[in-house]
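Asks: According to Swiss-Prot, the protein carries these features:
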| type | residues | note |
| --- | --- | --- |
| DOMAIN | 5-226 | domain 'ABC transporter' |
| BINDING | Gly41, Thr42, Ser43, Gly44, Ser45, Gly46, Lys47, Ser48 | ATP binding site |
Amino acid sequence: MSAILKATNINKIYDEGAVSTQVLTGLDLTVTAGERIAIVGTSGSGKSTLLHLLGGLDTPTSGEVWLHGQLLNSMNETERGAMRNKHLGFIYQFHHLLAEFTAIENVAMPLLMRPEVSTAEARQQAIDILNSVGLEHRLAHRPGELSGGERQRVAIARALVTKPSLILADEPTGNLDYDNAQSVFGLLSELQSTMQTALLMVTHDRNLAALADRQLLLRNGHWENY
């Protein structure tokens, strides 16, 4: 199966004055279509940094990140943004929804960045995906009017509305209680399977990681045996 995402020899060093800190060292990773991968590690292990690099939100100090056969490192920010919008969906521990916009407006936003998609089309697609996550009765509600579990369902809908080939999820259930976490991850897994979208998930929860096809352990910036 062909690779959606391929990272080779990824290194990330942060310089603060005379002090250099190596956060990631020599990491390789390949993600194929429809695959579900969990990256496990404690706080400070470099998980979120790696996810940002893989999503083109930051660039590695050295190494290469390829998305659908195109080298993200060689692109400017506008080009990387277009690649993200076309191929990737993002879900965070904290939903990152815009407080002044309704659920429909938040979910439609990635589609409205595409000049070929009309406002009416974006709105209808947002309604359809919100219905699929069980929020047909909360379409006009703003984030402050939704529960934690509902906000994360809106975030999932926003990540999936563009029909991405890969979802990058950073602790997607980390801010929820156990019951909501199980419900939200079950929904995400179901939609991911139905849409044949790959999922790369960062988590410290080994029980959640066990539900993935493959588990990777990141410790002090290195891969270790899981």
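Here the Cβ of each residue, glycine as well, is placed from N, Cα and C on the backbone.
If you look at the structure here, what lies around each of the features I listed?
Replies: According to DSSP, Thr42 (ATP binding site) is assigned to coil rather than to any helix or strand. Long-range neighbours of Thr42 (ATP binding site) (same chain, six or more residues apart, CB within less than 8 Å of its CB): His204, Arg219.
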Asks: Which chain-mates of Lys47 (ATP binding site) that are at least 6 residues away have a CB under 8 A from its CB, listed by sequence?
Replies: Ile39, Gly41, Asp170, Val202, Leu218
Asks: Look at each of the binding-site residues, Gly41, Gly44, Gly46, and point out the one with the fewest other Cβ atoms around it within 10 Å.
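Replies: Across Gly41, Gly44, Gly46, these binding-site residues, the one with fewest Cβ atoms within 10 Å is Gly44.
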